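Student: Here it is, the structure, as structure tokens.
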Amino acid sequence: MADQIPLYPVRSAAAAAHRKRAAYYSAAGPGSGAEWPSSRYQLEDESAHLDEMPLMMSEEGFENDESDYHTLPRARTARRRRGLERFVCGGWKLLCTSCCDWLVNICQRKRELKARTVWLGCPEKCEEKHPRNSIKNQKYNIFTFIPGVLYEQFKFFLNLYFLVVSCSQFVPALKIGYLYTYWAPLGFVLAVTIMREAIDEFRRFQRDKEVNSQLYSKLTVRESKNSIGHGISEDVRKSSGLFYCGPLAPRGSGGSQSWQKRPLHSASSCFIRTDQLDGETDWKLKVAVSCTQRLPALGDLFSISAYVYAQKPQLDIHSFEGTFTREDSDPPIHESLSIENTLWANTIVASGTVIGVVIYTGKETRSVMNTSNPKNKVGLLDLELNQLTKALFVALVALSVVMVTLQGFVGPWYRSLFRFLLLFSYIIPISLRVNLDMGKAAYGWMIMKDESIPGTVVRTSTIPEELGRLVYLLTDKTGTLTQNEMVFKRLHLGTVSYGADTMDEIQGHLRNPCPQMQSQAGGNNASSTPPRKAQSSAPKVRKSVSSRVHEAVKAIALCHNVSPVYESRAGVGGEAEYAEADQDFSDGNRTYQAASPDECGNMAREGLRTLVVAKRALTEEQYQDFESRYSQAKLSIHDRALKVAAVVESLERQMELLCLTGVEDRLQADVRPTLELLRNAGIKIWMLTGDKLETATCIAKSSHLVSRTQDIHIFRPVTNRGEAHLELNAFRRKHDCALVISGDSLEVCLKYYEHELAELACQCPAVVCCRCSPTQKARIAKLLQHHTGKRTCAVGDGGNDVSMIQAADCGIGIEGKEGRQASLAADFSVTQFRHIGRLLMVHGRSSYKRSAALGQFVMHRGLIISTMQAVFSSVFYFASVPLYQGFLMVGYATIYTMFPVFSLVLDQDVKPETAMLYPELYKDLTKGRSLSFKTFLVWVLISIYQGGILMYGALLLFESEFVHVLAISFTALILTELLMVALTIRTWHWLMAVAEVLSLGCYVASLAFLNEYFDVAFITTVTFVWKVSAITMVSCLPLYVLKYLKRKLSPPSYTKLTS
């Protein structure tokens, strides 16, 4: 219909426009759901029309008679407005990126993925070679470690600037001070970084080695031979004809698969666990090829001539298409292969043993293809500080140019210019990087020692401040919001409903066989094959409750994949592992997910997972016809899923409804209050799950991710651009409603309307994405980062969440029943979802506030001494001579002021209890007001004022010798810094007081050993004391007064709560 809507209807055609609008509303309304896919859209390719038909961006567009599509998307107009900025700023980046990609493609050519044919026992016939079957999560190797780490450090302007300044000291004409004053801090920063990266890299190497060293048994003609898991594919390719390409069996049950294979021979079926692949802990049934099940011995696999044809490696973990062909039989046997016949990598054989043929190995496996390479995450605060250092560098260059200009460009002025650059280089202090890294380590230690969140582990110590800047929280469902424990809650038979407190009545019905079943049993004894036509033509008799209970329980007992497992160590009794209900066409029963209008909706509103159970009696002819068509559809290589679905749909008619069941997936402890806490903090929560739409909606309601009074807009399935266009416009009319969208529809919208979908979704209070693949989860995280520029956090507990966790700005893994793969790949690991509230509200707030104060104070410490240097040079005829040299400069940044400044990591503006009680305080953190150009300029003005007072005061008060100027100014500088630390502190800690006293004591004690710089006789006089006291008082007292007045006249929001 999109091509039939005129773009700009005239005002005189108001009636026609009204009819057009009514037709659009009727097509998009709720009543058109049944005929929507078939009649709503006519053309598949509408690119030419839709390019001229922008999405309607406001409600007024549908109220205006002139046009339904009159407003351009803001995302597109914003891109047009950039114009010159995009060309200038993005040109260089595009050129560099293109060159790097070209070099990478030259060095690492990706092999083309193709479909392959694998022969049993004949490796020489296998044309497609297997890649090395090993996983590698390491970032570097032995050759790229040092260059890679140095590149990651020096790609930031701050570290690169320090490197250039330090290297300049090797030039005699540019040498200002001692080499250790420049190289010692830089070497310390690099040493700490290299050691930290080396430890992390070694841990990744150990984890990879553990996985790659798993032992498996390889079936040969003569005997079983052990080989290492990561060398299986190579050994198979290099072996002689005695070995065949791939039939393998794990050593004992319970081993994890490191390759992907097809089961060929087993006890007809086995059960596997896929928790490390798709996050589901239930057992799944896998079936072997039927023709190999009839072989008398394993060795007969070598005597047959057969091959497997498999599709090329793909990302989809829920589908597989292939065929198994045996050529030595007459006629040749062809069997279809589907997801039921596959064992993906990272799955575990939970019951039985398997003989399979290897199809995919190494980087061609589904798990590796769905895992993205880990990136080096950089916090937003580090990026902001990097921008501030660039501004300081511009100020440094400008100040040096001014000094050379006032000097008159005499002599080799360029040498003087460079010397001034080195003299004022303390404007950008190298201790900034050291203090911030040490502060991050302290924050990580505090998080892991917090008794309120036991078991929390900080795996990435460089981004604790990100916990205080989050706007979007992307969370998994199964195992993250829920416990992944299913509890049977309700059985509804149409007229009677049984709950958890009335299950004993069902047991009573099952113990007493009903008369109808006894009569059926008698009839079966008389005739082993009852006539089905007579049965169908008999008049319908209303069944009793007992008979309906028997039929419902029998259907539930037959149509499932439950396998009882008895553990010897359990003594008496056993433990049953449950799996999802799969399709079973071998009998007359079939269970399927359906939508029942009344009771099914009531159960869903209670947060229960619903399942409708029905049956249909088939005659022998009907079953044979279905089996023939079903087998033919399964052998199709192209469009197999559509053909199989069409055959199955023909069977799902005229079915007899048996019962409706409700199962509860229990939520994690305190999920509801935690989600409410995060919402009140201004964090928007998106739930990304691989489950069905109905299940995801139920959990979203039961967890209060979506409130009961809130409207939910279910995004209809779309398959092309036209459908996506109109469905997005239909969603545009909804206000303040949660969005539920499937992965297939999401893929189509992201292909054509990425920015428009992101704009609409970001306005929703909550978003639920169901049937999401791991790569789609990661793509959503990247989309939010690119479109909004806000910080995102991903929370998950399974291997399918690793890509999302690595793509987000901050990843949190939960150690649960789905293993530790997500927690090991995450930046922070917690044991329960409710711990995220305290992790963000308390530790995220504290880390950001402390790092912001610490970073700005360290820059102030460099600015004040650079101001004193500028005043000194201007007074003494713009001479490029350093004011303080040698140990004075090293001591100023280390033992004299380091401990008090670093004690700011213990400061806190509000108590943890207050931060948890008032989560609205978190909203201020996302605005970045603690570290901005405004606060930075305030600190610059303070530094200029204090530096000028200290230097001019010392020059005015000194009497005879110039050495007295150094003593007075440097002592006043130390005292001023200690007092400024006390002025910055909001909550005192006893260690802060110890640091202040210790630093002052160290400076006083060192005066006796600084004969080279100070006059010891002068610093012991009363004149020295009162001059230093007067200068310090003038530099600090006005700031204390201003701070007092500000707190009285304009107190911060948190002070109102604490008072």
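The backbone N, Cα and C atoms fix where each Cβ goes, and this holds for glycine too.
As annotated in TrEMBL:
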type     : residues  : note
DOMAIN   : 127-183   : domain 'P-type ATPase N-terminal'
TRANSMEM : 180-199   : transmembrane segment
TRANSMEM : 391-410   : transmembrane segment
TRANSMEM : 416-436   : transmembrane segment
REGION   : 507-545   : region 'Disordered'
COMPBIAS : 515-538   : compositional bias 'Polar residues'
DOMAIN   : 824-1051  : domain 'P-type ATPase C-terminal'
TRANSMEM : 858-880   : transmembrane segment
TRANSMEM : 886-906   : transmembrane segment
TRANSMEM : 936-956   : transmembrane segment
TRANSMEM : 962-983   : transmembrane segment
TRANSMEM : 990-1010  : transmembrane segment
TRANSMEM : 1016-1042 : transmembrane segment
Student: Would you mind listing the long-range same-chain contacts of the transmembrane segment (858-880), meaning Cβ under 8 Å and 6+ residues beyond its ends?
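Tutor: Non-local partners: 388, 392, 399, 403-404, 406-407, 416, 419-420, 423-424, 426-429, 431-432, 435-436, 892-893, 897, 901, 936, 939-940, 942-944, 946-948, 950-952, 955, 969, 973, 976-977, 980.
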Student: For the domain 'P-type ATPase N-terminal' (127-183), give the DSSP counts of helix residues, strand residues and coil residues.
Tutor: 29 helix, 0 strand, 28 coil
Student: In the same chain, who gets a Cβ under 8 Å from the transmembrane segment (886-906) while lying at least 6 residues past its ends?
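Tutor: Sequence-remote neighbours of the transmembrane segment (886-906) are 177-178, 180-181, 184-185, 426, 429, 431, 435, 438-439, 442-443, 850, 853-854, 857-858, 861, 865, 966, 970, 973-974, 977-978, 981, 984-985, 989, 991-992, 995-996, 998-999, 1002-1003, 1006, 1010, 1012-1013.
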Student: Any residues 6+ beyond the ends of the transmembrane segment (391-410) with a Cβ under 8 Å from its own?
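Tutor: Beyond its ends, the transmembrane segment (391-410) has Cβ neighbours at 157, 161, 416-417, 420-421, 424-425, 427-428, 859, 863, 870, 873-874, 878, 880, 933, 936.
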